[in-house]
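Noted in TrEMBL for the protein shown:
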type	residues	note
ACT_SITE	H109	active site, proton donor
ACT_SITE	K212	active site
BINDING	N106, A107, G108, H109, T201, R215, N294, T309, R373	IMP binding site
BINDING	G108, H109, T110, R375, K401, L402, D403, G483, V484, G485	GTP binding site
BINDING	G108	Mg(2+) binding site
BINDING	V369, T370, T371, G372, R373, K374, R375	substrate binding site
COMPBIAS	14-25	compositional bias 'Low complexity'
COMPBIAS	40-49	compositional bias 'Polar residues'
REGION	1-64	region 'Disordered'
REGION	76-108	region 'Disordered'
Amino acid sequence: CGVATQRQGGGQRPPELALPLSPAPGHSTALPWLPPRSPQLLSGHSTPAQPTPHLPSACGGPTRVTLGEERAWRSHRSNAGGHTCLPRRTAGAGSLTPGGERGGNNAGHTVVVDGKEYDFHLLPSGIINTKAVSFIGNGVVIHLPGLFEEAEKNEKKGLKDWEKRLIISDRAHLVFDFHQAVDGLQEVQRQAQEGKNIGTTKKGIGPTYSSKAARTGLRICDLLSDFDEFSSRFKNLAHQHQSMFPTLEIDIEGQLKRLKGFAERIRPMVRDGVYFMYEALHGPPKKILVEGANAALLDIDFGTYPFVTSSNCTVGGVCTGLGIPPQNIGDVYGVVKAYTTRVGIGAFPTEQINEIGDLLQTRGHEWGVTTGRKRRCGWLDLMILRYAHMVNGFTALALTKLDILDVLGEIKVGISYKLNGKRIPYFPANQEMLQKVEVEYETLPGWKADTTGARRWEDLPPQAQNYIRFVENHVGVAVKWVGVGKSRESMIQLF
């Protein structure tokens, strides 16, 4: 899930932070430190176009995109979308925060700035920065009533003039009310036919992507063009869904009337997204931050299928969801909690259905931002993190919510899987097989100390430092940021 900024300074890891520990079976302790490169543009990956103003950006030089992946800054779910984003520093003047490549308002970010808590689903998190332009890309599916409802809620918390800072791609597909109704009906059908459902947010994301794949979907550009033609195609699409779901009731004329009103409200915000991003990449140097919401294991191809989202929230989604060429992608930052969480149904090998899981859930305030569902919690699973690294190729990691582990006397970390008594080097694609794996754990000493006041590496207890080094060496990727609280000051940058 992801964050991005331009690379700042060198890429060398301080030697005192790369002490060797015993590696996971079959994994080297050598870390692939790279020499400094030219300034890079980093981009998030995943669902709703929501840029996080977490990381500082550096201007100048060729603009390239780098990705943040896997989990969100403050509160992320390992296999489910939606995170709590903690802005470290907002981007400065002349900055662009494209929030979206993929997904819709099925995931969310809670952003805490100056003591105010904002909830974003479709709006990029960078919308709070009055000096930045926010952009929702073509890969996002947009429910216009939801967009304006979200804006109104955040206006009451102090968000101002967001319409003047938001750009929307004309190629983004539209989520209609009947898509959301169908999402709920499909879940009821699954429950009745299979005895289980996927656990969707019922925001209409899957049905909208189905319409897109079937080439019957409607886009922002269609809404703003010939409204008679749009109305005709809307009616056909509505009737198609009614033929598949006889109990589905749709107020076609009522919805068209609302959509016509929304069309005039968004018209000033809509641009050709491909040309907009091209100008951003090739014009005067800008600070560009791209944000996505869902995690790597929610990716429709690489996630825990079928308990996934309906789009690609790994690195490839940045190119297809924003129209950014692969050569513009540089660094890839993985964002992962110090433990693992998941919302809804699906395999979860390191889940703790006991007092440990309850403690993590309570201390971490693990509730879904979009649905309010309680998150399932467990020990950090390095098999998942290594798998996400295989797919995305992380340059560095942000390890968040370390402070949640402060009260534990000992901490377990899942380092490998066994299947039928044999260790396996891969993350199983099949859900039934994943349910059967036996997790091999390493037990580390806890630090039993409050880390929320730490602002430098040296402020962390030795046991907490060792926990971070353990993660680095088993995954083979450096930890660049450590989160120890909700405020933006609570993100410790290590190099």
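Backbone N, Cα and C define each Cβ position, glycine as well.
Taking the features listed in TrEMBL, we show where each one sits on the structure.
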| residue | record | Cβ neighbours (10 Å) |
| --- | --- | --- |
| T201 | IMP binding site | 25 |
| K212 | active site | 18 |
| N294 | IMP binding site | 35 |
| G372 | substrate binding site | 8 |
| R373 | IMP binding site | 17 |
| K374 | substrate binding site | 12 |
| R375 | substrate binding site | 23 |
| K401 | GTP binding site | 29 |
| D403 | GTP binding site | 22 |
| V484 | GTP binding site | 26 |
*Fill in the CA-CA distance, K401 (GTP binding site) to G372 (substrate binding site), as an integer in Å.*
19
*Between T110 (GTP binding site) and K212 (active site), find the distance joining the two CA atoms and give it rounded to the nearest Å.*
29
*Spatially closest candidate among K212, G372, R375, D403, V484, the listed recorded positions, to T201 (IMP binding site) (Cα to Cα)*: G372
*Round to a whole number and give the Cα-to-Cα distance in Å for the pair G372 (substrate binding site) and N294 (IMP binding site).*
16
*How many Å separate the Cα atoms of K212 (active site) and K374 (substrate binding site)?*
31
*Please tell me which one of the binding-site residues listed here (N294, D403, V484) sits closest to K374 (substrate binding site), measuring Cα to Cα?*
N294
*By Cα-Cα distance, the member of binding-site residues N294, D403, V484 nearest R375 (substrate binding site)*: N294
*Taking just the CA atoms, what is the gap between V484 (GTP binding site) and N294 (IMP binding site) in Å?*
22
*Whole-number Å value for how far D403 (GTP binding site) lies from R373 (IMP binding site) (Cα to Cα)*: 22
*asked:* Among all protein chains shown, how many Cβ atoms are found within 10 Å of the Cβ of T110 (GTP binding site), not counting that one?
replied: 22
*Between the Cα atoms of D403 (GTP binding site) and N294 (IMP binding site), find the distance and write it as a whole number of Å.*
23
